[in-house]
Structure formats: C-alpha cells, structure tokens
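Residues or ranges marked as domain 'Response regulatory' in TrEMBL: 4-121. Annotated 4-aspartylphosphate per TrEMBL: ASP55, in sequence order. TrEMBL lists 162-349 with the feature domain 'CheB-type methylesterase'. Sequence annotations record features per position, and here TrEMBL assigns active site to SER174, HIS200, ASP296.
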Amino acid sequence: MTINVMIIDDSAVVRQVVSQILNSSDDIEVYDVANDPIFAFKKMQKQWPDVIILDIEMPRMDGITFLKKIMAERPTPVIICSSLAQKGTELSLSALASGAVDIITKPQIGLKGFLEQTGNEIKNIVRAAASANIYFNAQHKAHSLSAQSNQELVEPKLTSITLTTDSVIGIGSSTGGTIALETVLSALPPTCPGLVVVQHMPEKFTKAFADRLNSICDIEVIEASSGDRIIPGRALIAPGGKHLQVKLSGAQYITIVSEGPAVNRHCPSVDVLFKSLADNVKQNATGIIMTGMGNDGAKGLLAMRQAGCKTIAQNESSSVVFGMPKEAIKLGAAEQIVDLNDIAALVKY
C-alpha cells in the first residue's frame, strides 16, 4: 500500500529535495506540495494525505495553527520540518505537544546536502508516521491539556542535597514519546524514586523539552549533566547527541553523560542507559520502554530483566508507534505490559 504524502513548506528546496527522496521509494508517493497551509488545505479537500510534512514558519498561516486545526478536525500524522535555531526548537516542541508525531530538523545552511544525507531516515520517519496511532495521540493530548488547565499553581520544586535514592527508574521512548513522558512524569509525586530518561530527540531540543516538563510537573525535570545525583522527585533527561549512563558513586547513584557512536542509529540510546542500569543498579532499578519506532532499548530491557530489575512495556493500544515496546516484548524483556495511563501508578513509590 502506497503512503500518500503532502509537503507544506515555503522553501522550494525542501519541497523539491524531500519529494525526490520520498518518491524514490516504492511504498511512498509525494502526491502534492504547497508553500503555505491555506493553499495546502484547498488541495487536501480533493485528496487527503496519509502523512503531512509541515514547516512551522510560513506566510498567511503558521504551522502550529494549521496543526491544531488538523488535529481538531481530522487527526492525521504530521511530521514537523523545523530549523535548528532556538526559536525553531521551541516551536517544534509546541508542535509535538499539539499532536505532531516527529521532527525532521533542517540546518540554516547546507540544506540540500543535509536532506540528501538523511534520506533513509526521512523515509523511515514517514513510514512510522503512517502507522502511528494518531487518534490516541490527539485524544490523549486533549485530555492532558484539559487536566493541566485545572491544576493550581504550585510552589517551586526544591530538592535537598541530603536526599538519596534506593531505586532508579529508567525510561526510554521515541516517536510519540513527548506526550507519553508528559503523561507519566506529570502524574508522579515529589516523593517518587529518581528517574533517568532517554527520549530520541535532536541536539538542542532536550534542554527546552526538560524545561517545559519541569514547568508542568510536580517533580523536578532537568537536562542531565555528568555527575548529577539521582534523587527522589527528580527526572534527568539525556541530552541530544550524547549517551546517558548511571553508576554508583559511594552511596549514591550519579549520571555519566558522554559522547560516543550511535547505538541502534541513536545517540542518546535507550540500550546504553538500560544496560548501565542492569550492570550498576541491578534489582534496584525499574526499566520502562514506551512508544517509538525501531528496536532501541529492547536488548537493554532484557538485560535489566535478567539482572533482576522490574521491567515494563507500554501496550500497543496506547502507543503512538508500537515498535520499541513490541521488540522488547518479542525478546521476553517485559515483565509487565500496561496502558500508558497505568505506568505512573506502578512506579511512584
């Protein structure tokens, strides 16, 4: 079955090069392009796409406004094509929070060469988006926003330098993971065990993502640095482009953040994090693998289970893309398979 794609971008280079990349595959066809959302919407009335690739900053209507319109009227997998500039990073996170399933980053210079070099990755992102559980994503996001609007203002979070944690929770996610992480972390109390998190996300995005989560959660959420202490009520997010590991230092667990080759095509890699938990935290760790394409984290979660850790996989019905959890389940790595809404209750004490 052919995946029909609509590209909406005011850059002629993006429209041309991405079209050529996708049309080189037998299973993907860019059936139309547009340079702004209003023109695109008129075209989409004649043939609705399976996947939309959407720029954010465009004339007449911005991408975020158009995305919200699509998600409200006819939820469709949307991939954001975004600049790596700071403003682009913040807008991309807003798009993910509004229901977009993934991001394709584009540099401000050398655009054509960059897109050609990442052609296979772009194809895989489109394929994953086409199979995404977009209806769950849109409905769950609407519920999440409603719940947030009813929250009272809370005091700033304070973490004591005397706190230690006996257990560590490791979470790995990819496509659809931004909303999934928001769902889990926002449901945890400040007394929960310390957390370490790998979300597949481009460099420069993770700091803004951590700040955003910190603003809506009762726990503290920060981007991890080497030597950070893992303590109750704190979640440490792996920086984009670097691996995150955990080791025991004296009586405390701390993080190691390091550069290194991609593992399973990803840096940070969930496998790298989970294997460090299996080796250094052992039965005091819990591993959670959530929505995402590919198999990153499956072998690491198996190593955790074999080390005596508690292991959890998100179920298919609540996953935007049932790739990473599915591969972990195939290996027998998951002790429990649960709905996204039930994960926080299993690990909050």
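Placed from the backbone N, Cα and C atoms, the Cβ positions cover glycine too.
Surface or core, plus neighbours and distances: that's what I need for these features.
Residues of the domain 'Response regulatory' (4-121) grouped by DSSP class, helix first, strand second and coil last, total 53 helix, 28 strand, 37 coil.
According to its DSSP assignment, SER174 (active site) is coil.
A simple way to gauge crowding: the CB of HIS200 (active site) has 26 other CB atoms within 10 angstroms, across all the protein chains here. HIS200 (active site) falls within neither a helix nor a strand when secondary structure is assigned with DSSP, and so counts as coil.
In three-state terms derived from DSSP, ASP296 (active site) belongs to neither a helical nor a strand segment and is classed as coil. ASP296 (active site) counts 30 other C-beta atoms within 10 Å of its own C-beta, drawing on all protein chains shown.
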Give me the CA-CA distance between ASP55 (4-aspartylphosphate) and ASP296 (active site), in Å, as a whole number.
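With the alpha carbons as reference points, the distance is 28 Å.
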Around ASP55 (4-aspartylphosphate), how many other CB atoms lie within 10 A of its CB?
24
In Å, rounded, how far does the Cα of ASP296 (active site) sit from the Cα of HIS200 (active site)?
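The Cα atom of ASP296 (active site) is 10 Å away from the Cα atom of HIS200 (active site).
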Let me know the model's mean pLDDT on the domain 'Response regulatory' (4-121).
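The answer is 91, the mean pLDDT of the model over that range.
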Return the residues near SER174 (active site) by Cβ distance under 8 Å, restricted to its own chain and a separation of at least 6 in sequence.
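When sequence neighbours closer than 6 are ignored, SER174 (active site) has GLN199, HIS200, HIS266, VAL270, THR291, GLY292, MET293, GLY294, ASP296, VAL321, GLY323, MET324 within Cβ distance under 8 Å.
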